[in-house]
Amino acid sequence: MDQPSGRSFMQVLCEKYSPENFPYRRGPGMGVHVPATPQGSPMKDRLNLPSVLVLNSCGITCAGDEREIAAFCAHVSELDLSDNKLQDWHEVSKIVSNVPQLEFLNLSSNPLSLSVLERTCAGSFSGVRKLVLNNSKASWETVHTILQELPDLEELFLCLNDYETVSCPSVCCHSLKLLHITDNNLQEWTEIRKLGVMFPSLDTLVLANNHVNAIEEPADSLARLFPNLRSISLHKSGLQSWEDIDKLNSFPKLEEVRLLGIPLLQPYTTEERRKLVVARLPSVSKLNGSVVTDGEREDSERFFIRYYVDVPQEEVPFRYHELITKYGKLEPLAEVDLRPQSSAKVEVHFNDQVEEVSIRLDQTVAELKRQLKTLVQLPTSSMLLYYFDHEAPFGPEEMKYSSRALHSFGIRDGDKIFVESKTK
C-alpha cells in the first residue's frame with residue numbers, strides 16, 4: 001500500500017527522545033545517555049530509551065529503518081502509537097517485529113481498517129499480552145487473525161469500533177482474561193453470548209455504553225457461557241427488567257458489577273437503587289466501584305423485605321421469600337420527621353404572669369425581644385431573657401447574645417422563657 005506523506009516511527013523517536021528534548025534521568029532504562037563519541041557514529045550511541053515509549057498523536061505513517069528500530073528498542077516493553085496515521089499493518093509489523101520484549105501495544109485511532117491483516121504480519125505481535133484497538137474500526141476478521149497469532153494475549157480493548165454484531169472465530173481464545181468492548185452498538189444478547197464462546201477464561205467484561213436491552217439466556221446456560229467471569233460492567237446499557245439483574249446471580253464467580261445509568265433504575269432514588277440491587281445480588285462484593293460491607297448488605301436486605309412487604313404476592317420477587325427465611329417478616333419502619341422545627345409554643349414568664357406565645361425559631365434573640373416588648377411592657381434594652389428546658393437537669397440559661405439564633409438553643413414546645421428587667 002502506498003504510504004501517505006507523513007513521518008516515520010524512527011524519525012519521531014529520534015526527535016522526541018533526543019538529548020535536547022529528553023533530559024537525562026538516573027536509573028536503568030531511563031533518560032538519555034550522551035557518551036563522548038566521534039562525529040558520525042551510529043545513532044544508537046546517542047540515545048538510551050525508556051522501556052515505555054509514548055508516541056501518540058505524532059503523525060506517524062510508516063516504520064522507518066528497521067535496523068535502527070532493533071538497535072534502539074530491544075528492551076522496550078510498552079509502546080503507545082495511538083492517534084497516528086498508520087494505515088498499513090505491514091508498517092506496524094515492521095515496528096513490532098523489532099521490539100522483541102513488547103507486551104503492551106496501543107494502536108487506537110489509527111486508520112488500520114484500510115488494510116488487511118495477514119497472519120504473517122500478526123505473527124510479529126506474538127509476545128503482546130495487552131492490545132488496544134479502540135476506534136481503529138478493526139474488523140472481526142482482523143480480530144480473529146490477531147487471536148490466532150497472539151497465544152499469550154490477556155487483555156483486549158475494542159471500544160468505539162461501531163460493532164453491531166459479534167463474529168466468532170473457528171477456534172476460541174483461552175488466554176484472554178479482560179475484554180473492553182464499550183461504546184459500540186451491541187443491542188442483542190445473542191451477540192453478547194458469543195463473547196463467552198470466544199473467551200471461555202474471561203474474568204472481566206466491560207460492556208458499558210452499549211444498548212444491551214435484556215439478558216435473554218437461561219440461568220444454566222449463563223453459567224456455562226461465562227464460567228470464570230468475576231466482573232461485568234453494564235453501565236448505561238438498556239436493561240429494563242429486574243429479571244435481568246437476578247440473572248447475574250447465574251455467573252458462578254461474579255463478584256463485581258457496574259449498573260449505573262440503566263433505564264430500570266431511573267424511577268428509584270439513589271438509596272433505593274443501591275439497596276435493591278445489593279439485596280438481589282448476594283455474591284457481589286463490589287457494586288459500582290464501592291465495596292459492599294457486611295453491614296450494608298444486612299441493611300439492604302432488611303430494606304428489601306420492607307420495600308416489598310405490601311406488594312401483592314404474585315408480584316413479589318423470589319428473593320423476597322429467601323430473605324424472609326433469613327430474617328423473618330419485618331414491620332415497616334416508623335416514619336420519623338427529622339426536619340428541624342420552624343416554630344415552638346413556649347411559656348413566657350414575667351411579673352408573676354404566664355402567657356403562651358408562638359415564636360419563630362429562625363429569628364435571633366434580639367428579634368425575640370422585639371416580639372415580646374409589647375407583651376412584657378419593657379424596652380428591649382432593659383430586657384433579660386432566660387431559657388429553661390423542662391427536660392434539662394440544669395437551671396435556666398441566659399440568652400445574652402443578641403445575634404444568636406433561637407433554634408441553636410434546641411427550643412421545643414412546652415419550654416419556658418423568663419423575662420426580667422435589668423433595673424430590678
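Placement of Cβ uses the backbone N, Cα and C atoms for every residue, glycine included.
Checking Swiss-Prot for coiled coil across the ranges 12-37, 272-297, 350-375 points to 350-375. There are 14 other CB atoms within 10 A of the CB of Ser18 (phosphoserine), with all protein chains counted.
In terms of DSSP helix, strand and coil, the domain 'Ubiquitin-like' (334-424) has 19 helix, 32 strand, 40 coil.
Remote same-chain residues near the domain 'LRRCT' (262-303) are listed as 234-242, 244-246, 248-249, 254-256, 317, 319, 323, 326-327, 330 (criterion: CB distance under 8 Å, separation of at least six residues from the stretch ends).
Of the ranges 73-98, 173-197, 226-250, the one with the most Cβ pairs under 8 Å to the repeat 'LRR 3' (124-147) is 73-98.
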